[in-house]
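Take a look at the structure set out below.
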Amino acid sequence: MTRILGIDPGSQRTGVGVIDVDEYGCSHHVYHAPLVLLGQSSFAGRLKQLLLGLSAVIEEYSPKEVAIEKVFMSKNADSALKLGQARGVAISAVVLRDLPVHEYAARQIKLAVVGRGGADKQQIQHMVGVMLNLQGRLQSDAADALAVAITHAHVSATAQRLGVSTKQAWSRK
């Protein structure tokens, strides 16, 4: 089995999701949760809380690979910068443990999980629940993190079958 950690970075909440992928390519739910960062009085405190929270998840679940959502351009420059900083902290927590990081754009994730690059949050939550046989409504950030992990599982399986890298497996060339 391959264990994958999916991360949906955020400066207020960061979603984390862990799945196992068996030898047949089936994904199995292990863990998901939002890391809520709003309890800190400063932004630096939130980043520290994010680093410690992700480190604890990595320590407890021992993923072999990590997939993270890429930053999208926002109309609010301050929000985009904070998101980029949170994403940098998340990647740092991963690379400090010598784990491979795979990055996917939001449209790629939506296409892989829902079949439509313009899917909305509810569609992602629903499909992640169906794919992982989960009951009840998933919290949005955690569902997004599981979706990133599922996307990587699918792209990785395709890359392995084709004998190419995950970047090449996603490419249309």
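Glycine too: its Cβ is placed from the backbone N, Cα and C atoms.
Model, not experiment: these values are computed from the prediction.
Straight from Swiss-Prot, the features:
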type: ACT_SITE; residues: ASP8; note: active site
type: BINDING; residues: ASP8, ASP141; note: Mg(2+) 1 binding site
type: ACT_SITE; residues: GLU69; note: active site
type: BINDING; residues: GLU69; note: Mg(2+) 2 binding site
type: ACT_SITE; residues: ASP141; note: active site
Recorded positions compared (ASP8, GLU69, ASP141) - highest count of Cβ atoms within 10 Å | ASP8
ASP8 (active site) and GLU69 (active site), Cα-Cα, nearest whole angstrom = 6
In Å, rounded, how far does the Cα of ASP8 (active site) sit from the Cα of ASP141 (Mg(2+) 1 binding site)?
-> 6
